[in-house]
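K.L.:
Copied straight from TrEMBL:
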TRANSMEM  A:9-27  transmembrane segment
DOMAIN    A:95-324  domain 'ABC transmembrane type-1'
TRANSMEM  A:101-121  transmembrane segment
TRANSMEM  A:133-155  transmembrane segment
TRANSMEM  A:197-217  transmembrane segment
TRANSMEM  A:257-290  transmembrane segment
TRANSMEM  A:302-327  transmembrane segment
Amino acid sequence: MFRFIVRRLLQLIPTLFGLSLLLFIWLRRLPGGPETAILGERGTPEMRAQIRRSMGLDEPILVQYGRFVRRLIRLDLGTSTSTKRSVVTEFLERFPGTVELSITAMVIAVGIGIPLGYLAARRRGRLLDHLSVGGSLIGICIPVFFLAFVLKAIFAENLGWFPSSGRQDPTLGATRITNFFVLDGLMTREWDAAADALWHLVLPGIALASIPLAIIVRITRASVLEVLNEDFVRTAEAKGLTERTVRGRHVLRNSMLPVVTSIGLQTGLLLSGAVLTETVFAFSGIGAFVAEAIGQRDYPVLMGFILIIAVVYVLVNLLVDLSYSFIDPRVRVR
Amino acid sequence: MALLEVEDLSVTFARRGQRTVHAVDGVSFSVDAGEVVGLVGESGCGKSVTSLAIMGLLPKQPGLAVGGKAVFDGTDLLQLDDRSRRDIRGRDIAMIFQDPLSSLNPVIPIGLQVTEVLTRHRGMKGAAAEKEAAELLDRVGIPDPRRRLKEYPHQLSGGMRQRALIAMAVACQPRLLIADEPTTALDVTIQAQILELLKGLVRDSDTALLMITHDLGVVAGMCDTVNVLYAGRVVETARRRPLFREPRHPYTVGLLGSVPRLDAGRGERLNAIPGSVRDVLPWPDGCAFAPRCERRVDACVGEPPALVLAHHGRSYRCVNPAPVAGYAPGDDVRAVVPTQAQPGSVPAQAVPDDPPTVPGLGPAPREEESA
């Protein structure tokens, strides 16, 4: 098990190098550069050249890449060309917000999706089944930003049940340690700060959960239906086991494999796809920052972001593989 | 009173816009305590559906209708509620299935799959349940049972898996064991071992065994009484020896004739029954076997053949049965049960000679040599 984890983490290194090289070249090929973003259309060629030189963009691309890699080894992602701050600092400040939001969304999606999908399968063809299948179709179809707007308008602005923007009430003056606001509140025992941060996560969390929730409902339902027809479920029934034992021990566990896979994939998507939700709720996560960085041709920020997402994907998939081996002894890892 | 009496059992699947399928159509047979009874027929004849209906294990779906009776020890299983049925299943009636790999839960150790029966029906837990489970595995011939308890189904061989399933089935010493093609998925050498094991288990514990199979070799080696099924109906019932020596129903004749023989010449064709069970007439239009039958006569079509109670407790459903030595055609007949009549409604006096095996008409002769 330990060797498996180490091997998978070592595999991460060549993956990241390959990915970064590809991206490095590809980003540089995009029309326009940071000088255009800074100067606009009116800059003279001399001014452009000067900015490029000051950023080291006039050197051969492989030289630039070499410098990037040398810095990367020291965990230095360079300086943002638009904010002039270290990319690592920017990320440490913003990424925790997105992670908190994604975890909230995933907890909602899994917590509702698996039971709902399971019940839909058990009540196949009845009202609950139709409602959840239809509802999940709607969940997939509704654009996340639209749902975010609607939730915000109703529950924040109209009813006032939830805050309409931000990650925490700044007047609380909460202490920052990790920049995971909920975690910080728990660590410093500032319970009101933790609760407030959690409260801020509810609406954007629901909006962001809509698509993974819909997908998990459907996958769970299909998987449970398939397992219900398996011979070993019939064997369990033939043993006279109570319905509870049959469902819990024999059906549910066997139907979890595809669900776990999709949870892994969805988590990666959430981390990289929270942009719209973050924008609607003025939630200072990584999404809005990166969206802006694209417009600014902020190469260091973009490179850093993509690399982090790649690492997250690999880690999440590692977790998925590890959880497989707990669910199914046939895929025990070596 | 037999241990299990199945009377006029019918299972139909109705689909909107399609003709209702009669998977099992008025099947009657009985199983005495300690007896081994065969239910024989080719794929699709309704033998598995029959056993699942008795167990209450047919997948619940709209359009499914189960009729008739399955009286086990005085209780009609088909009338029981779900809870009482679960109490009986695994404790009084246990079942073994065809494919041992898919019949075992792949993600749970063998041990738990055995002990869960003990916990459910015998209230055993922890170390006591584990000890009993190890003894059960030992009894069904699994070496090193303690270690096997911790293993998963994919770590066992096919024969071991079936042994494990048998251990689960006999865990509560059931009075009736239903084995649905228990050897079909196994190697021939393993088949014999499993059959020996089953035979030994039922002999030692006086458990009755309902053996569902398409394999006449299995029937010849195991069964006391045999019911031949075709298209959802029992077409012939007899003790084992008479059935093999003098089959009456042309379908039984065909089944026996289609067994490959070692003494046949090389290159000689096998005697397959032409056609398949799927392209049949529905029973109400006549004998369902008629389209494939070599002894077909005009009387076969129009209405379904009545059940004929014949010599030595045999019965068959045929208007032109194969002849039998020592009897002129028709001489062996003791009574004819009209098609729609309930088997139990025929008075016993109507059967003057030897008592037949048909349910409700008295006990079968125990000594099969009487033929």
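Placed from the backbone N, Cα and C atoms, the Cβ positions cover glycine too.
All TrEMBL annotations are machine predictions without curation.
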K.L.:
Going through A:101-121, A:197-217, A:302-327 one by one, which has the most CB pairs that fall under 8 Å from the transmembrane segment (A:9-27)?
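P.N.:
Looking at each of A:101-121, A:197-217, A:302-327 in turn, the most contacts to the transmembrane segment (A:9-27) are made by A:302-327.
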K.L.:
Can you name the far-off residues of the same chain, 6+ from the ends of the transmembrane segment (A:302-327), with a Cβ under 8 Å from a Cβ of it?
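P.N.:
Cβ under 8 Å, 6 or more out: 1, 4-5, 8-9, 11-12, 15-16, 19-20, 23-24, 27, 68, 72, 77-78, 87-88, 91, 95, 253, 256-257, 260-261, 263-264, 267-268, 271-272, 286, 290, 293-294, 333.
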K.L.:
For the transmembrane segment (A:133-155), name the stretch out of A:101-121, A:197-217, A:257-290 with the most CB-CB pairs under 8 Å.
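P.N.:
Stretch with the highest Cβ contact count: A:197-217.
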K.L.:
At a C-beta cut-off of under 8 Å, are there same-chain residues at least 6 beyond the transmembrane segment (A:197-217) that contact it? List them, or none.
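P.N.:
Counting only partners 6 or more residues beyond its ends, the transmembrane segment (A:197-217) has Cβ contacts under 8 Å with 100-102, 104-110, 112-114, 116-117, 120, 132-133, 135-140, 142, 144, 147-148, 151-152, 155-156, 162-164, 166-168, 174, 181-182, 184-185, 259, 262-263, 266, 269-270, 274, 277-278, 280-281, 283.
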K.L.:
Should anything in the same chain at least six residues away from the transmembrane segment (A:257-290) have a Cβ under 8 Å from its Cβ atoms, list it; otherwise answer none.
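P.N.:
For the transmembrane segment (A:257-290), the far contacts come to 90-91, 94-95, 97-99, 101-102, 105-106, 109-110, 114, 117, 143-145, 148-149, 152, 164-167, 200, 203-204, 207-208, 211-212, 215-216, 219-220, 222-223, 301-302, 305, 309, 312-313, 316-317, 319-320, 323-324, 327-328.
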